[in-house]
Amino acid sequence: MAEGGASKGGGEEPGKLPEPAEEESQVLRGTGHCKWFNVRMGFGFISMINREGSPLDIPVDVFVHQSKLFMEGFRSLKEGEPVEFTFKKSSKGLESIRVTGPGGSPCLGSERRPKGKTLQKRKPKGDRCYNCGGLDHHAKECSLPPQPKKCHYCQSIMHMVANCPHKNVAQPPASSQGRQEAESQPCTSTLPREVGGGHGCTSPPFPQEARAEISERSGRSPQEASSTKSSIAPEEQSKKGPSVQKRKKT
């Protein structure tokens with residue numbers, strides 16, 4: 001029993017010894033160029049065209065993570081950038097171990113940067129403390145005690161921005177401007193209210209010569225025209241509808 005157990009244990013040990021040798025033999029060298037690289041996610045693929053000094057007929061994709069890149073600063077690869085690398089075979093496929101530029105130089109990297117990091121930065125323009133008005137901090141970081149409310153336009157504590165006299169003088173409302181212009185312009189109508197249609201303007205007295213000219217065109221004298229108009233006016237006011245038309249015909 002003891003011998004069998006020893007022999008069984010001795011059988012497992014020889015099987016475990018070759019594993020490090022197999023891992024070491026899997027580390028290979030290759031050259032190629034960056035196929036694509038996602039700067040936000042931090043990974044991409046290398047298109048390997050040469051393996052252990054022998055060219056490949058068909059390029060092979062090798063996974064690359066930014067932690068494997070040999071360079072300073074923000075680590076990334078530019079599409080089409082030539083690289084040299086060591087890689088191994090894993091359960092997921094070929095993975096790079098160390099990636100450098102040609103001749104072991106640092107990688108160049110991509111000019112692109114993640115958009116999320118730039119959006120997170122606060123823009124200093126327009127930021128100010130709502131407590132004291134300072135530009136170098138915000139209200140939650142203000143060292144002064146709570147200050148009284150004041151007008152945001154002229155910084156006065158006597159009124160709020162809605163009642164600021166300086167703002168109202170500087171920017172008069174458009175409606176008041178239009179109303180003032182309409183009131184300032186005199187009525188330019190030269191026709192009397194009877195002829196012009198009642199614009200609400202006081203027209204100058206109608207000259208006698210113009211009345212005579214109008215009556216001559218209509219074939220009546222000024223007296224007849226005025227008398228006819230005065231006789232028809234009360235009848236039109238007292239009667240409506242078809243009766244008015246009958247009166248005009250007769």
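Numbers run from 1 along the shown chain.
Every residue, even glycine, has its Cβ placed from backbone N, Cα and C.
Of the listed residues (Ser7, Ser91, Ser96), Swiss-Prot tags Ser96 with phosphoserine; the rest carry no such note in the record, though that does not show they lack it.
Around His137 (Zn(2+) 1 binding site), taking its Cβ as the centre, 14 other Cβ atoms fall within 10 Å, counting all chains. Most Cβ neighbours within 10 Å, among the recorded positions Ser105, Cys132, Cys151, Cys154: Cys151 holds that distinction in the structure as shown.
Secondary structure of the zinc finger (149-166) per DSSP, as helix, strand and coil residue counts: 5 helix, 0 strand, 13 coil.
Looking only at the recorded positions Ser96, Ser105, Cys151, Cys154, the one with its C-alpha closest to Cys142 (Zn(2+) 1 binding site) is Cys151.
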